[in-house]
């Protein structure tokens, strides 16, 4: 039996993590976010009602679950308050269910201004960030000048620290990026207005998780973005600013790494990517348009159209290695319904003619790569809403089996629609 279960994306994000986390939290006592910020977009559909969460863990909708934002998350007070209000307006008692680490770095207005100014300065070489200040906030953390939730316990000292760091960043904004300075007093007033709310939710997360482990409580760790966007293992520099891999659980929450029992990798039945960066299987034809339309591939956070392509098994195998995956959850299988044939990328042909079965690390090394495909029959029958494996078309079952063979990882959960109920749990991670 696994008490501590990690759910993370195996591709470039947008794999459908939010629904699966919400489904599995039926048995969990705690749900923990351990990296990223409000650049995530987790969509839940429960009894036909759609909820999009960006910062708050997906367990917040359940009254028997405590949601935790760990130290690895960069926290925007403004974004948190907006998200809390939206949920509280629907009668969800967020403040009774949400806890924060005092070590969470804060995202403030100057981080957003820097993010936007830098992307503008990059021009055609823009990374494609969400413009929400995530990268600059992590940068401040590593430079040891960042302000954290815990700093709000001493408001006078916080004000002094804020003034110092804003002088530094405003100098950059005005003199290097030729942008407007950010107003110190407004930033201070805005954060002080919510300081007591934030500090009122602070808890020692590492100790809480250790006590939960000793009691045998079930804990779900909710990843944001995807493995191929990891700051170290992703398609650098077209990556996010945090560790999206399973290793980020320990550093971003304070749980000892030996205590992770099961790692569930969410894998979409095809590939998508938002923003710039390598994407060997990207489709620019009618099939690519079909996948986008059928899969409603528009970002929950930015609204941007996602790039679409065939499932890249080579890239997913890298995710298997890095995360030591225990099992997969396959999502959006129904999007492939109606295609005469489906393809899996099983290797890459390099510019010099070599054939390889592993991914490069640096983005430049992806230049000129051609996907090597294995083609399989498609299926005309619908898989949407199917709730038993026996109800799937044989061609869909063959597709699932081939993914398992190529990755050497079992598919333990199959999602056939956006609602909680449209899911087949073949092996429950908490029972594995």
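For all residues, glycine too, the Cβ spot is worked out from N, Cα and C.
According to Swiss-Prot, the feature GTP binding site maps to 13-19, 41-43, 306, 332-334, 415-417, an assignment based on sequence analysis. Counting only same-chain residues at least 6 apart in sequence, those with a Cβ under 8 Å from the Cβ of residue 306 (substrate binding site) are 14, 272, 273, 274, 292, 297, 298, 299. In the three-state DSSP assignment, the secondary structure recorded for residue 306 (substrate binding site) is coil.
Among the features that Swiss-Prot reports, Mg(2+) binding site is placed at 14, 41. In the three-state DSSP scheme, residue 41 (Mg(2+) binding site) is classed as coil.
Residues or ranges marked as IMP binding site by Swiss-Prot on the basis of sequence analysis: 14, 15, 16, 17, 39, 40, 41, 42, 130, 144, 225, 240, 304. Taken residue by residue with DSSP, residue 14 (Mg(2+) binding site) is part of neither helix nor strand, so it is coil.
The Cβ of residue 14 (Mg(2+) binding site) has 28 other Cβ atoms within 10 Å, all protein chains considered. Residues or ranges marked as active site, proton acceptor by Swiss-Prot on the basis of sequence analysis: 14.
Residues annotated as active site, proton donor in Swiss-Prot: 42.
Around the Cβ of residue 305 (substrate binding site), the same chain contributes 292, 297, 298, each under 8 angstroms and 6 or more positions distant in sequence. The feature substrate binding site is assigned by Swiss-Prot to 300, 301, 302, 303, 304, 305, 306.
Nearest Cα neighbour of residue 225 (IMP binding site) among the listed binding-site residues (16, 303, 333): 16. Residue pairs drawn from 14, 15, 16, 17, 39, 40, 41, 42, 130, 144, 225, 240, 304, the listed IMP binders, are separated by up to 34 Å at the Cα level.
When each of the binding-site residues 39, 225, 416 is scored by how many other Cβ atoms sit within 10 Å of its Cβ, 416 comes out lowest. Each residue contributes its Cα atom, and for residue 19 (GTP binding site) and residue 42 (active site, proton donor) these two points are 8 Å apart.
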